[in-house]
Each structure stands twice: as structure tokens, then as C-alpha cells.
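First up is the structure itself, then whatever we jot down about it.
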Amino acid sequence: MEGVMEETTERRTDVAVKGEAAIKPEFLTTKEKFHGFIDSEWQGCKGEKTGESDMLVEANDTSVEEPEPKKFKLDPKEEKNAETTDRKRLRGQNKSRPYTKPTTYEEKRLCLSVIQKRECTFGDKCTFYHDVTAYMASKPADIGEHCYLYETFGKCEYGLTCRFSKTHTTPDFNTTEKEDLVKAFEGRTLTKNSLSKDLQFRLRKRSVAFKKSEEYLKTLSNNKDKKKQHANANLVEICAAEGSADPKEENKQLTIDPDHPPPVKTLGPLTDADVTKLRPCEKKQVDFRDKLYLAPLTTCGNLPFRRVCKRFGVDITCGEMAMCTNLLQGHQSEWALLKRHESEDLFGVQVEGCFPDTMTRCAELINNYTDVDFVDINSGCPIDLVYKKGGGCGLMTRTRKFEQIIKGMNHVLDVPLTVKIRTGVQEKSNIAHKLIPEMKTWGVSMITLHGRSREQRYTKIADWDYINTCAELASPIPLFGNGDILSYEDAMKARETGVSGIMIARGALIKPWIFTEIKESRHWDISSSERLDILKDFTNYGLEHWGSDTRGVEKTRKFMLEWLSFMCRYIPVGLLERMPQKINERPPYYMGRNYLESLMASQNVGDWIRISEMLLGPVPKNFIFLPKHKANAYK
């Protein structure tokens, strides 16, 4: 330990100043010593487990090589001489990463007809197992002795394919049930907003009616002819200013063409449409103020993760960003992003699109076939795939289309419409303050502002002074601020501004218990065993959501590994020399207070796989994983 102390003091003098978190010297170490300790202790743990050493797959062989550590920003003079390839390596995503379908982890699966105890519709042409004995002989070994689904709900719908099947399978391969638990959950819908086969079929055949959307889109098409619009407007202004000597002539000039309504509102008889249409005051009202909002997080903000955050006190949850065109085409994978658990009491969905017709129809589809409390428009997404076609941040520069989208969605929705934006597109050219006063007149119920531009992505510090300025402009509409919140102290500083509430994104991925810290105004020195229990809960929720068969287990593992790529950045409070930890400070190599704490601090993909093996058993032989994000904020 003395050698480590001497070596770490040298590290602190020249490296810690450049964006590294301040950790007590006695815990600091080097990369070589850290990984040497992790590997040796892991091998020791494996050796103690008799009979399991052959079953466990070496994690280093199943992971892609660890990416190079993030380089610090160069001086302006040095930056000019840097190679373009090195600069490209600082991008935030691992593109073209390897992908393996979950179906490839099983050579041959058991036919669904055997599980459901019915006749197979494919007959002799079916390529799946129908012989239960042969399937059980080729099936991978069970992961554990307790099936979460069976012990929670009284039965496991995956039957013999469950990776915990010994719990609910008799020696003659029949499945058992707990009648008392089955009755307790009978008729109870735990997850809502699933896509029915009937609706999917009608969406694919384009036979779903969008009456309200067509009404709104018709008004847009009628106003396309700009010359007629300006001519009618000028005619009304002239008649109002000069008047007409002949009342009959005045009536002729102001005759209203039903196919071409005037650009100004006119009085007329009260129709049924006016009576039945919901006015803004009659729409569902949601009190957003002074609440903690979990941001819609692509990939990691799945339903099991949101359930974990609900346990720690988050108030508002939102589904992952969904593409409106994919929803309209009935894509099952896109509709899965709209699913809502019963524990999510204040839940919304976020949609992305760039055209008024598709966004309006998508809003009406969500309004008619899902149960949500609000709908959010993503106009802050910075990725090229979305921006280049005019969506995400691109909407902020296409104000006319943006206005048509907001007004159209408001026309068809019975729930509030919210918008998430950034400060702007270019780094030094903020435009949010110009958009917010206009959005107030368009009918937005809440605005969320991320304190960075598109060019900044997640680098640099979020501009909370600018967020405060925009919050004053947005009043009385609530405005939520977002950016760089990783502790309750960060949240308190954010609340000192004029924002109505705060949205937390990466901070929740790094430490989901941040919502408890904020509500209790304290730093939580959470132990490694408590953090492992959080991962156990996520595992159980994942098996419930994605399934307890091999396919569901590997899908749960994949999303857990994506989450661990963020969670490994957390530094325990007891190890910090200066509190709180800042979100853009890179954790140096350090030894935890026990082996599990050290293992959870590793930024090596192979060590994340080891953690997953503790909860979901050994990985398949053909398993490979590379995280989606490279932690671009460390700069």
C-alpha cells in the first residue's frame, strides 16, 4: 500500500487537475495494478466454486477490446496539428458495432405449440423441437433455482423454455402453478400500451382512420396558395379601414367561400363540431411543477430501468424516443417503446418526426390506442440520422413546420403536449430564447431545455444562466432544466434558478438513487452490495418484461451491460476527497473498499460481463458486446 501511495501522489499532481475526480490518495492506483487485482481475485472466486470453473466463460474472450481512454482537449495551437483520425475517434458512439440476434443463442428451440399445449399449425414442416425429452437434453443448464415469474405471479408462461424451469417443472416435464397467486393477479394488467395484432394489421394495410388529423391537414392544404391568402387579407383590411357605400356591395366582397376560409377568424352559427371539440381548458391537466423528471433515454431508458427509478422516487417518467413513421407502419419494436408499467403514475411518450402530416396522425394514433398522461416532441436529438432529415434539433430552425406540427398535434390530442429542445444548433448561437415566446402561443403545455447546443452534444458545461433566462420568458408555462445534475447539491443550485422542475438523464444512469438523494437532501454512501441488489431488481424486472427463456435472458443482459457502461462512472462518496462528484470528471483508477466495489469501478467491458454473469449465469459461446456510448463527456 505504501508503494501505491507514493505512485498515486505523483499522479495527482499532474493528472487530477485535468478533469479527473479528486479521490483520497490511499485508494488511488494504476491501470496495470487495478486490472491485475481484478483478474486475480476473479480467478480466485472461480476456483472456490467447485464444478463451475468449466461452465463459466472467460469474460475477456467474449468482449471487444477496451476502447482507448478519452484524450484531453488540446491547446488551440496543438489542435491544428492533430490528425483528423484522432479527432474522429472522440465522437460519442461506437458505430458499426457487432450485433448478434438473440435467436442465435439457441441452436434449436422448443415449438411454441408444445408450451401452449396445442396442435402445431406447421405440421411436419416445423423446424422446432416437438420432443420434450430431446429439447431438455440439449437445453443450456439452468441459471438458478428460483424463478422470479413463478414466485411472483404463481406461474411462468415460458414453461420448459424458462432458464429457471426446475422451480416449476415436475420430473415428467409438466409445469406447476400456485393457484393463490394466479387468482390474485387474475384480470390485472401490469403493462399497458401493447400493440394488438388487429391494430398492427390495419396499420400495415393503411385502413386506420385519422379523422381529426385530416380535418387539420385540410386547413393546411387550403392555405397553401399564398397569393390568395394575402389577397383575402388585404381585402378584409381595406373593407375594414375604408368601408363601402353600398351595403349589398360590401356583403358581396365579404362572401365566405367554404372551400377557402379567410385567414382571420369570423363569427358564425354554433355547430356540432364547436360543441364536441375539446377546448384547451377541458383537456386533461397535468401539474408538472416541482417534480423530478426522468429523461427519455434511448436504449437505457427501458421499462425495467424506469421501474428501478420509480423505486427511488422519480415523479415523471417518459418512454424512449419513438419514430412516428415506424409507429404508423405498425413496427412491433417501435411500439414496445410506448409500453407503460402500472407503477408509472405520471407517464408520457416521446415521438420524433419532421413533417406535420405524419406527426399529427401519430399523435391521434397515440391518443386513441394508448394510455398516456402527456406526449412529448423530441426537438433536441443531436444525432445525424435524425437531424439531417429535419427532425430533432432540425425542427428548431424550421419554425414554420415546427408550428404546424405543434398545432396539429394539439388539435388531435386530449392530453398535454410538451416539447424538449436544446439551446440551439451551433455552439455560440443560441436560439431557444426566440422560440420559447412563440411556442407559448402555439399551445405547448411544458418546455424542457437542455443547456447545450447540438454541436456541444454532451461536452462542455450546461449553461444554467441561459436556462434561467429562458424560464423567465416561458412563464407562466412551466420550463424544466436539464444538464449536469449528479448530486442533490447540483439539483439545489438548479432549483435556485427560475425553472419549474429538473430533468435528469445521465445522472440517473450513473446513480439511479439520485432521486432519493435529492428528496432527502443528502449524499448517500451506498455500498457495493446495495448496488448489486439494484442490478438484481433490474434483472428480475427484465426477465418479467423480456422473458425468462434464453432469448429474454440475453436481452436483459444486453441492456444491463449498456447501463453498466454508465454506472461504472460512479465513485463512492466515502472515497471522494472533494464532494460532490461532477458529471464531467473522469474517475481515475482506484481500489474500492472491497472487491465488488473495485469490480463495479472497472471501465473494461469484460468486467461488466463478469457482473452480468453473477446475476444471469455464464454468457453463450458466441456472445460479443461493445457499448453504444464512449463517454464523450470526459473532455
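Glycine too: its Cβ is placed from the backbone N, Cα and C atoms.
Summarising the annotation, TrEMBL assigns region 'Disordered' to 43-101, 249-270. Summarising the annotation, TrEMBL assigns compositional bias 'Basic and acidic residues' to 67-87, 249-262. TrEMBL lists 105-133, 146-171 with the feature domain 'C3H1-type'. Look at TrEMBL and you will find 105-133, 146-171 tagged as zinc finger.
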Segment confidence, the zinc finger (105-133), expressed as mean pLDDT: 86
For the zinc finger (146-171), residues assigned helix / strand / coil by DSSP: 13 helix, 1 strand, 12 coil
DSSP-derived helix, strand and coil totals, residue by residue, for the domain 'C3H1-type' (105-133): 10 helix, 2 strand, 17 coil
